[in-house]
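Accompanying notes for the structure given below.
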Amino acid sequence: MASVFRSEEMCLSQVFLQVEAAYCCVAELGELGLVQFKDLNANVNSFQRKFVNEVRRCESLERILRFLEDEMQNEILIQVPEKDAETPLPREMITLETTLEKLEGELQEANQSHQALKKSFLELTELKYLLKKTQDFFETETNLGEDFFVEDTSGLLELRTIPAFMTGKLGFTAGVINRERMASFERLLWRVCRGNVYLKFSEMDTLLEDPVTKEEIKKNIFIIFYQGEQLRLKIKKICDGFRATIYPCPEHAAERREMLTSVNVRLEDLITVITQTESHRQRLLQEAAANWHSWVIKVQKMKAVYHVLNMCNIDVTQQCIIAEIWFPVADTRHIKKALEQGMELSGSSMIPIMTEVETKTDPPTFNRTNKFTAGFQNIVDAYGVGSYREINPAPYTIITFPFLFAVMFGDCGHGMVMLMAALWMVLNERHLLAQKSTNEMWNIFFNGRYLILLMGIFSIYTGLIYNDCFSKSFNIFGSSWSVQPMFRNGTWNTHIVENSPYLQLDPAIPGVYSGNPYPFGIDPIWNLASNKLTFLNSYKMKMSVILGIAHMIFGVILSLFNHIYFRRTLNIILQFIPEMIFMLSLFGYLVFMIIFKWCRYDAHTSRKAPSILIHFIGMFLFDYDDSSNAPLYGHQQEVQTFFVIIALVSVPWMLLIKPFVLRAKHQKSQLQSFTIHEDAVEGDHSGHSSKKTAGAHGMKDGHEEEFNFGDIFVHQAIHTIEYCLGCISNTASYLRLWALSLAHAELSEVLWTMVMSIGLRLQGWAGLVGVFIIFAVFAVLTVAILLVMEGLSAFLHALRLHWVEFQNKFYEGAGSKFSPFSFKHVLEGTAEE
């Protein structure tokens with residue numbers, strides 16, 4: 001259980017694996033996900049490592065799998081097995097390569113054949129429609145005989161629409177062009193040929209499919225009449241430029257009919273072949289879809305294992321692989337078991353050897369988390385990963401973070417909406433996780449679902465404390481205030497009530513205030529009071545100061561546990577104790593004055609209540625001459641003077657003593673080292689040269705343990721100044737709890753007054769319809785402004801209060817994160833490089 005509050009104890013071990021068993025052992029460790037491999041080849045180029053060829057083969061397989069995925073996209077549904085595939089053995093890579101390369105080759109061949117057949121189908125379809133349209137043209141537009149194109153121009157004028165100036169033998173060109181190019185094609189043809197051609201075109205009713213892009217295309221059929229070889233060449237060049245397809249079209253009607261019949265027969269045969277080819281392609285895709293997910297997992301696992309093996313060393317005999325691993329000490333038994341399973345799986349007889357390695361390198365920091373605590377741990381780690389074995393703020397953040405958020409966000413109505421949203425994500429988390437969404441914004445909210453859940457719960461709690469629900473109050477227990485005694489004793493009468501814009505209740509009059517406060521939260525009568533804001537400002541401001549100082553004192557107390565764990569006795573005496581004295585004597589005393597004033601003065605004596613602010617300022621100035629501000633209690637001057645003096649004493653206590661103690665310790669250790677060297681020299685009979693050598697070694701050792709008093713003193717001075725000034729600035733920083741709570745309450749009230757109350761005031765049928773419309777607007781604005789914008793603002797401020805005001809009292813955050821080799825992280829794409 002101690003690991004919850006402090007990072008896991010880590011161990012660095014050297015593992016000796018037989019080359020044949022290394023792959024299986026690493027794969028078993030990847031399934032376990034509790035081992036971080038140390039890169040022993042950091043200075044070696046990635047292309048010069050031992051298993052680079054295997055990694056390239058895996059990348060080649062990944063390329064094939066991406067090709068298969070692209071082919072299956074929008075055509076075949078990829079089947080996802082219930083259980084992930086096991087890590088394949090090294091020898092299975094050859095089988096997998098053969099299978100995938102064969103499938104890729106067959107699919108590429110099928111695609112090429114299918115594309116070629118589709119292209120032929122497109123050309124034949126275009127030719128079919130061209131022959132039909134050409135025949136229709138000759139039948140409707142001309143009365144020419146079969147010898148029209150052979151004889152001279154004696155019958156030319158029988159073509160009704162051909163210009164009369166065209167004489168001589170006529171030729172024609174027929175083809176197909178994309179519809180969007182038709183207008184430009186016609187204009188260019190007219191200009192280049194200077195009007196000496198006759199163009200006739202018609203739109204194809206059938207949509208065609210591009211064999212390459214598979215997009216639908218619209219085309220026009222055209223026929224151009226011309227005279228002379230030069231015009232024919234010009235027309236051909238223009239058609240080529242506009243990517244128009246020219247088809248041979250017989251001059252005689254019988255030949256055209258015969259060609260059309262032949263084209264129809266070829267189209268029928270082609271459709272049969274295309275159907276068979278598509279059926280074969282679909283069978284290949286079905287085979288790929290059934291195994292694609294398993295293949296991807298196998299390849300990713302193999303590639304990850306070889307990447308890890310590239311981080312290991314191979315001994316000179318090429319028979320043993322040496323790896324260095326970080327792992328939690330508590331999981332040693334599981335890791336040894338995984339290595340033994342890998343050895344058995346590989347068929348090796350050599351048991352992997354683990355030997356602990358002594359190192360001065362700081363171990364990585366590993367904090368165990370579950371789906372509930374992971375979000376809070378991420379908040380802490382976003383500021384900085386904790387130093388090894390220092391106390392972990394995350395368990396305390398689970399409570400303090402949503403609570404401080406709720407203090408700023410406090411509204412039980414808004415908290416209820418937030419709670420319902422979080423509950424929906426929590427209750428449907430399995431279904432939502434299975435969808436594996438790639439939307440970054442959604443993933444941020446979903447990963448923080450338990451954080452949002454607690455923020456909603458705490459917001460409901462603080463909302464009930466504030467008695468605030470969508471800016472309105474609940475009157476569950478009945479108010480503790482009554483107006484009847486004001487009439488009974490004659491303070492109020494009908495005339496006063498009718499002529500006074502404001503009436504003030506006097507709690508000093510018996511019966512006006514019952515003496516028993518509202519059982520839970522703020523009395524609902526304050527919702528009617530004109531001085532509601534004044535009362536709430538005072539209440540929330542003092543509450544913010546109390547919560548802030550308590551939060552900071554808790555942070556300082558946590559630093560004590562760090563000092564005790566790391567056995568820093570000097571830090572306890574010369575750092576923790578003066579820090580606590582400084583904090584408690586000044587700011588702890590401020591909290592005492594606030595609570596004491598609340599308890600000391602009631603309705604009858606409140607007029608004589610002194611100002612805490614003036615007392616606190618006078619405490620630092622030693623100014624007690626203000627007779628208008630009565631003391632809170634007897635001997636207040638002596639008590640406050642004592643607190644200021646011990647606070648001032650704690651500053652040099654923190655600043656001066658520790659550097660000088662460290663200096664004295666260093667000088668003592670140097671003296672002991674020098675004495676040892678002197679004794680060794682006296683016992684040596686090697687003469688003066690030996691003394692010189694010993695002296696040289698002594699100087700060298702002293703250099704290695706260099707002690708810089710100036711650096712230590714400057715560091716301690718910075719820490720002291722930062723802490724003392726930080727106590728003041730951090731206390732002021734907690735006033736954001738008051739400011740944001742006030743802003744949220746006022747925005748909520750404005751939204752209710754300017755939107756929802758309008759709908760509630762509407763009368764008749766208009767009110768019946770209008771209230772639904774206005775409520776929709778109110779709901780949208782509430783979610784957008786108060787829940788999203790205000791919620792994000794309160795979240796960021798709570799984040800700052802934890803990162804700066806709380807964690808800087810005890811948290812170093814200078815560690816490195818434990819990044820274990822885990823197939824789960826590899827498959828999720830969250831593995832760190």
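Don't overthink the numbers, they just go from 1 along the chain as shown.
Each residue, glycine too, has its Cβ placed from N, Cα and C.
The topological domain 'Cytoplasmic' annotation in Swiss-Prot covers 1-390 (among others).
Here the transmembrane segment (391-409) has long-range neighbours at 4-7, 367, 369, 373, 376-377, 379-380, 415, 451, 454-455, 457-459, 461-463, 543-544, 547, 551, 554, 558, 561-562, 565, 736-737, 740-741, 744, 790-791, 794-795, 797-799, 801-802, 806-807, 810-811, meaning same-chain residues at least 6 beyond its ends whose C-beta is under 8 angstroms from one of its own. Among the features that Swiss-Prot reports, transmembrane segment is placed at 391-409 (among others).
Look at Swiss-Prot and you will find 412-428 (among others) tagged as transmembrane segment, backed by sequence analysis.
Per-residue pLDDT, averaged along the topological domain 'Cytoplasmic' (429-443), amounts to 87 for this model. The feature topological domain 'Cytoplasmic' is assigned by Swiss-Prot to 429-443 (among others).
Taken from Swiss-Prot, the feature transmembrane segment applies to 444-473 (among others). Through the fold, the transmembrane segment (444-473) approaches residues 371-372, 374-376, 378-379, 398, 401-403, 405-407, 409-423, 425-426, 429, 432, 437, 518, 520-524, 526-527, 536, 741, 745, 748-749, 751-753, 756, 782, 791, 795 of its own chain, all at least 6 residues removed from its boundaries and within a Cβ separation under 8 Å.
Annotated topological domain 'Vacuolar' per Swiss-Prot: 474-538 (among others), in sequence order.
Sequence annotations record features per position, and here Swiss-Prot assigns transmembrane segment to 539-558 (among others) based on sequence analysis.
Positions annotated as topological domain 'Cytoplasmic' by Swiss-Prot, on the basis of sequence analysis: 559-576 (among others).
The transmembrane segment annotation in Swiss-Prot covers 577-597 (among others) and rests on sequence analysis.
Per Swiss-Prot, the feature topological domain 'Vacuolar' maps to 598-642 (among others); the stated evidence is sequence analysis. Listed as Cβ neighbours of the topological domain 'Vacuolar' (598-642) (distance under 8 Å, sequence separation of 6 or more from its ends, same chain) are residues 506-508, 513, 589-590.
Non-local neighbours of the transmembrane segment (643-662) in the same chain are 570-571, 574-575, 577-579, 581-582, 585-586, 589, 619-620, 622, 707, 709, 712-713, 716-717, 719-720, 723-724; each lies 6+ residues outside the stretch with a CB under 8 Å from one of its CB atoms. Sequence annotations record features per position, and here Swiss-Prot assigns transmembrane segment to 643-662 (among others) based on sequence analysis.
For 663-720 (among others), the entry in Swiss-Prot reads topological domain 'Cytoplasmic'.
Residues or ranges marked as region 'Disordered' by Swiss-Prot: 681-700.
Sequence-distant contacts of the transmembrane segment (721-745), counting only residues of its own chain at least 6 positions beyond either end whose CB sits under 8 Å from a CB of the stretch, comprise 404, 407-411, 466, 468, 471, 533, 536-537, 540-541, 543-545, 547-549, 551-552, 579, 582-583, 586-587, 651, 654, 786, 790, 793-794, 797, 800-801, 804-805, 808. Annotation comment: Swiss-Prot describes 721-745 (among others) as transmembrane segment.
Residues or ranges marked as topological domain 'Vacuolar' in Swiss-Prot: 746-766 (among others). Using a Cβ-Cβ cut-off under 8 Å and counting only residues 6 or more beyond its ends in the same chain, the topological domain 'Vacuolar' (746-766) has close neighbours at 411, 414, 468, 470-472, 773-775, 777-778, 781-782, 785-786, 790.
Among the features that Swiss-Prot reports, transmembrane segment is placed at 767-805 (among others).
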Between the stretches 539-558, 577-597, 767-805, which one has more Cβ pairs under 8 Å with the transmembrane segment (412-428) than any other?
767-805
Six or more residues beyond either end and a Cβ under 8 Å away: which residues meet both conditions relative to the topological domain 'Cytoplasmic' (806-833)?
7-8, 10, 26, 29-37, 84, 87, 297, 300-301, 304, 308, 326-327, 362, 364-366, 380-381, 383-388, 390-391, 393, 400, 551-552, 554-556, 558-559, 562, 726
Intrachain residues whose Cβ lies under 8 Å of the topological domain 'Cytoplasmic' (429-443), provided they are six or more past its termini:
371, 449
Hey, which bits of the same chain come close to the topological domain 'Cytoplasmic' (559-576), Cβ under 8 Å, at least six residues off its ends?
6, 389-391, 653-654, 657-658, 661-662, 809-810
Residue distribution over DSSP helix, strand and coil in the topological domain 'Vacuolar' (746-766):
19 helix, 0 strand, 2 coil
With DSSP, how much of the topological domain 'Vacuolar' (598-642) is helix, how much strand and how much coil, in residues?
23 helix, 0 strand, 22 coil
